[in-house]
Amino acid sequence: MSSCRYNGGVMRPLSNLSSSRRNLHEMDSEAQPLQPPASVVGGGGGASSPSAAAAASSSAPEIVVSKPEHNNSNNLALYGTGGGGSTGGGGGGGGGGGGSGHGSSSGTKSSKKKNQNIGYKLGHRRALFEKRKRLSDYALIFGMFGIVVMVIETELSWGAYDKASLYSLALKCLISLSTIILLGLIIVYHAREIQLFMVDNGADDWRIAMTYERIFFICLEILVCAIHPIPGNYTFTWTARLAFSYAPSTTTADVDIILSIPMFLRLYLIARVMLLHSKLFTDASSRSIGALNKINFNTRFVMKTLMTICPGTVLLVFSISLWIIAAWTVRACERYHDQQDVTSNFLGAMWLISITFLSIGYGDMVPNTYCGKGVCLLTGIMGAGCTALVVAVVARKLELTKAEKHVHNFMMDTQLTKRVKNAAANVLRETWLIYKNTKLVKKIDHAKVRKHQRKFLQAIHQLRSVKMEQRKLNDQANTLVDLAKTQNIMYDMISDLNERSEDFEKRIVTLETKLETLIGSIHALPGLISQTIRQQQRDFIETQMENYDKHVTYNAERSRSSSRRRRSSSTAPPTSSESS
């Protein structure tokens, strides 16, 4: 749906129409410029009323290209052309014109509300998509900024200054400020999602989109992102049991350690940004194809696509990120109870995480606190999953492609064919040698005969084994891919046969039509022949009659001319020769 407004006799489209449609509207408007109708003055010299003039000026002509639901074609509806109706005479006519203009303007407003602009909806939806993408980017930036500042504050407060210093307070205030901005961005992000839901589903009330599931996830996301170290110095008593000596260890720890580690849960924003920036999600063609195939474009689908395209890169980035984050978390958990500086050292923590990730577990380093043990447990689970994924990726990389399989099968088939021929030739050769040494010699050498018989049996077993290998190779070659290819070939052949049969049926129908026409012509032929013969007979008789008339006329003229000559000869005077 798009609308054009009247501006000086030229319609200028307000929405992004195609160039051809825009040019068509402009040519139509230039050929027939729209002008507001003027009120016609009555016979008595009365002018239009001021209300009619105001209505005529306020209700300027407006063309709305609408697309109603019951019709797919674009219709041009002209509104506001009756604003200044012509007066029948005097002020009464002017008043009538003003009333018609007011009704037309109200009809225009109601029609605008009824026929809402689809182009405007699509543009609004696209703008909401872009705003949601930018909000997600900003949320990730502020979330990562808070994590980085938290790590800096934790490291500096452990080695450079204490929690009661002004620097720690300033950094915590900065973390709190970034967290407040992050929460605001998340709330606005979900507001944009609700607006998108309303645009997509045509809902009028935003409370329709607020399901219990959506409310739960919004509250959970706000709770996860709201956790951060609070400005101030707050401590608690932490009791743990040492690993090897099993002696209890009690120390005073900061509350910040409990509030700092959950901040790494903000990294889920990376998956959201990857989804919103993915070409599969932003491309209209891919989304249309996915909608036709009933595919939901979510983070899981994007991760599967990345694992298919670049599995090594994804696993490498994930493993290194998990390694560094888990090592720092173990260091932060263990530094209050690690008296020998083993696991509280960053390099030592990385070694502990690496042997736990790879499921080796030498036992030279173990965590002392339940926090460190929980991190090591999660690391072991992630390591088992990553190891399985690495094995699957390596196996897929080592697997032959379809073309390589075809080449390998062809080469193996050629070699097995040669081996079958060689084994068959060996069987024939040993058969001939056995016959030669038993039938064609005077004295039979039994040792030589047994040797050839032994070789004969070996050749037979070799021939059987080679044929068995050839059967196995043929069975391996007939994979599901080849069967699917054969099925596609058969489908193409059947489709071709159906097209040919349809063409043949059309030709038969055409031939039947021509035969019917020919039969009708043959049935009409005797009548045409008789009609032609009668016409020719009439023409012949008329010709004969004309010839007869001509002959009679000619004979009559001839007889008259001869009689004239005889009369002239009888009445003429005699000549001198006749008188003598």
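Easy rule for this one: first residue shown is 1, then count along the chain.
Every residue, even glycine, has its Cβ placed from backbone N, Cα and C.
Tyr161 is the residue among Tyr6, Tyr161, Tyr491 that Swiss-Prot describes as phosphotyrosine.
Put simply, of 140-160, 169-189, 215-235, 257-277, 375-395, the stretch with the most CB pairs closer than 8 A to the transmembrane segment (306-326) is 375-395. In the region 'Calmodulin-binding' (413-489), the DSSP tally of helix, strand and coil residues is 69 helix, 0 strand, 8 coil. In this structure, Tyr161 (phosphotyrosine) belongs to neither helix nor strand by DSSP; it is coil. Other Cβ atoms within 10 Å of the Cβ of Tyr161 (phosphotyrosine) number 12 in total over all chains.
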